[in-house]
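For reference, TrEMBL has these:
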DOMAIN    B:6-35  domain '4Fe-4S ferredoxin-type'
DOMAIN    B:44-73  domain '4Fe-4S ferredoxin-type'
């Protein structure tokens, strides 16, 4: 029976066309893959395949340029928003976005992030927050939750020694240059649909020249957290959303 | 009203066996292979109960690696 269902006219879901067949280096169940798919889908829906320029960071998403068939530029660690600023100012008709993790955006690149958002550069920043340094082996990040155990705080993060988690999306919402600041996640189908809408709005706002946008995706790092992908999603729902509640923090776009 | 039937095709070589699709499937269609692994050594997702599939696309949407293609047809 299955054989006559499987034909092109019955196709309802497939891997986005912009995403190529290169095997992704991400761990099994990593949220990066889902966000990559969303970015590829949104760019295709907007018809910007030939005009999109992504800036990939240093971190797990460093090889993002291998997987989505658009133009990419690799930035030095943390400097993606600065690089995107340059690209967008030279080519205002291009869709310029950065794709950064929490180590890149909220630690080494805090200055670039805050200042490019504050200047109101017409770029979109996609921020993957998994509260840990995934690529280097699970060290504490600025976004690590209080009490969370990592390789460099094996007894849990304590504020006296390690300071408090940095909520950079809330900071961004206070800046005058930003037009759209949102926090989403990609653990369920409903959440993925919402995240896609947020990414679409951020991209459209940047093309309309309304200001800078930041879309934070609260993500999992099952390898770093030492959990299975399914358990990591549950842990995220239980612990991460308390500190990083989902929703639009700022929206002046009226899109 | 016609019955809606679905079918999935898994790219077995690309699948990493994260089992997010197994959890996402509302009809319990998908399972990971028990004693079989792909070229990378991962157990992979298969349609263990294909007749139950309604083509809701949940598995495809949550798959981080884009391994699952979903088809849906309305039977008259």
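Just so you know, the numbers here start at 1 and follow the chain as drawn.
Backbone N, Cα and C define each Cβ position, glycine as well.
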DSSP-assigned states of the domain '4Fe-4S ferredoxin-type' (B:44-73) in counts, ordered helix, strand, coil: 8 helix, 9 strand, 13 coil
PLDDT averaged over the residues of the domain '4Fe-4S ferredoxin-type' (B:6-35): 95
